[in-house]
């Protein structure tokens, strides 16, 4: 898509006559694409906001444990919830590749259909198998989030990427916040049953499917559907063209068949950068623990405070508060100015240690409000590091390589999360209840914090040795070196 305007002002400044000629030669249709671009971005942000409106989502666990479904806590903890991790890791790579190959929109449609399947199973399903299938579709919707986050970049020029990422993320966060507040108000003030709230959510996700059908399918994407000029040498070769020693020429014939291997080889070559290693490790290890906490925290809340009255279940309010704090933390992180090459490991280690302490507090307190507060701070501390990690990973990479690195990091994080789930939560493994699980997560974050702090010490020692000035040479020694005869004379 052509972006009108940025190069023209340099010509307009020459003379007023040339400016008039340029304006006269400019086709009247050139202003239309700009307006069309703005409408597309507005519609996509509206779509991102509306698809997050699922007021029953914060209350799924109380609904499953309550009289509507009456599942046992062991069934929810050790049989139903683990399926989410398994389905996510199973569909992540296929959806990652299909998102680009099918040009985003079909995957967004799949995501909407999966959302509808989730809520149909919640309101109609009554067996453990039905709820496991519900968790499977939930994993599909999580894997398909990449389609929305990357779709918006196909609509705009690279100069607008930063603004578009901000707009789309803001729309999603506002949607999650609005959904959580709406659900809490319905439950607490309106006394709406969880089942009715699920029907409301089903209506919203059905409306989201209708919105998806009106999205325009882009003509280009990141890897499989690039502009013709990028492949035939008419334009400068992209980073993907340069992989495996290519320069963009002759890549048109066989690059599609080799793209996955070339992607993996390029990621291995990039792994030598120290900052990339550090923040990628944070992305893999901390995100695995973070999402495990999110999956099981509602069960912990029900264990600490098994409310009989639905109006006293405040999951929606807690989700809203944690989302708002996460948005504020992300904004603050964007304005922190320190030498990240020197202090990254220390910051990560301290934040991870704080998260470990918050997990211990959540698991040992009998006060549900203290547990809520610790959870809000836990999520906020993670969201504080997310934009920093994105910036540190992407700062020296092209958009193609960013997609590679983030995709690989997410995959390994999901694999690690699945392994922990099999060992700790699944009934075929240890099958731990929720409190012992949180002790495991506490130990996991403490181990990570210790590792990061040791790296910080090593970085500090290496930096001090690098900047340490040479020892001063004594003045008498210098005189002797320069004039040995002088010593004899003085003597």
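Note: Cβ is positioned from N, Cα and C throughout, glycine not excepted.
Keep in mind that this is a model prediction, so the values were computed, not measured.
The compositional bias 'Basic and acidic residues' annotation in TrEMBL covers 20-33.
What TrEMBL lists as region 'Disordered' is 1-33 (among others).
The region 'Disordered' annotation in TrEMBL covers 467-491 (among others).
According to TrEMBL, the transmembrane segment annotation covers 83-102 (among others).
Residues or ranges marked as transmembrane segment by TrEMBL: 109-130 (among others).
TrEMBL lists 136-158 (among others) with the feature transmembrane segment.
The annotation transmembrane segment is assigned in TrEMBL to 170-190 (among others).
Residues annotated as transmembrane segment in TrEMBL: 196-215 (among others). Tertiary neighbourhood of the transmembrane segment (196-215): same-chain residues 43-44, 46-47, 50-51, 53-57, 59, 63, 105, 108-109, 111-113, 115-116, 118-120, 122-123, 151, 183, 186-187, selected by CB-CB distance under 8 Å and a gap of 6+ residues from either end.
Summarising the annotation, TrEMBL assigns transmembrane segment to 281-301 (among others). Panel annotation: around the transmembrane segment (281-301), residues 60-62, 65, 73, 76-77, 81, 84-85, 315, 348, 352, 355, 359, 362-363, 368, 371-372, 375, 378-379, 382, 385, 389, 393, 406, 409-410, 412-414, 416-417, 420-421, 425, 434-435, 437-438, 441, 444-445, 448, 452 of the same chain, lying at least six beyond its termini, place a Cβ under 8 Å from a Cβ of the stretch.
Remote same-chain partners of the transmembrane segment (313-333), defined as residues 6 or more beyond its termini with a Cβ less than 8 Å from a stretch Cβ, comprise 55, 58-59, 61-62, 169-170, 173, 176-177, 180-185, 187-188, 298, 301, 307, 372, 375-377, 379-388. According to TrEMBL, the feature transmembrane segment maps to 313-333 (among others).
Taken from TrEMBL, the feature transmembrane segment covers 340-361 (among others).
If one looks beyond the transmembrane segment (367-391) by at least 6 residues along the same chain, the residues whose Cβ comes under 8 Å of a Cβ in the stretch are 279, 282-283, 286, 290, 293-294, 297, 300-301, 304-305, 314, 318, 321-323, 325-330, 332-334, 336, 340, 347-348, 351, 354-355, 358-359, 361, 406. Per TrEMBL, the feature transmembrane segment maps to 367-391 (among others).
Annotated transmembrane segment per TrEMBL: 403-426 (among others), in sequence order.
What TrEMBL lists as transmembrane segment is 438-461 (among others). Sequence-distant contacts of the transmembrane segment (438-461), counting only residues of its own chain at least 6 positions beyond either end whose CB sits under 8 Å from a CB of the stretch, comprise 278, 282, 285-286, 289, 292-293, 296, 300, 342-343, 345-346, 348-350, 352-353, 355-356, 359-360, 362-363, 420, 424, 432.
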- prompt: Given the transmembrane segment (109-130), which of the listed stretches 83-102, 136-158, 170-190, 340-361 has the most Cβ pairs that are under 8 Å apart from it?
  reply: 136-158
- line: Long-range Cβ contacts under 8 Å made by the transmembrane segment (83-102), restricted to residues 6 or more beyond its ends, are 110, 132, 135-140, 142-144, 146-147, 150, 221-225, 260, 292, 295, 407, 410-411, 414-415, 417-418, 421
